[in-house]
């Protein structure tokens, strides 16, 4: 609601002030029932009762779908992979490798396709056989730094380098 005194504030039938609708909700009139109802424009949910501000739309999705490219180093939790039985590179070397991959992807016309190609060829994760596809995952299914980076990305966006106990990653969110 506005603090502008020229704007009329909504009132209930008893004269009390009506709280504003939560973000994403609007009031409509049912032609078949002849009464007001409320619809969430984002989710499509509708209800007869006025939603409270506690029903505000969460901007955090319940799950995300990401691809990733992992480069392990000798201090990784398990310094081995499908590509190499024993990984001896330093963390700094792993970061340098990942920076080159990230630059190649960022400079590509087809970013996701390039990401998938590089993940399929060079990722130290077993998801390489799926071109880095992790599928959908929810909160508390991944290491916290990985989860935080994944949920912070917009769809179609690639992360900076993310460090976890597994190694260093770049992440590409697709949903």
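Glycine is no exception: its Cβ is also placed from the backbone N, Cα and C atoms.
From a predicted model like this one, the values you see are computed outputs, not experimental measurements.
So that you can see what the record holds, here are the features copied from TrEMBL:
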type: COILED; residues: 91-118; note: coiled coil
type: DOMAIN; residues: 19-53; note: domain 'WW'
type: DOMAIN; residues: 61-175; note: domain 'PpiC'
type: REGION; residues: 1-29; note: region 'Disordered'
Same-chain residue ranges lying at least 6 outside the coiled coil (91-118) that approach it to Cβ under 8 Å: 67, 69, 71-75, 131-133, 156, 158, 160-161, 167-170, 172, 174
PLDDT averaged over the residues of the domain 'PpiC' (61-175): 96
Secondary structure tally of the domain 'PpiC' (61-175) (DSSP, helix then strand then coil): 42 helix, 26 strand, 47 coil
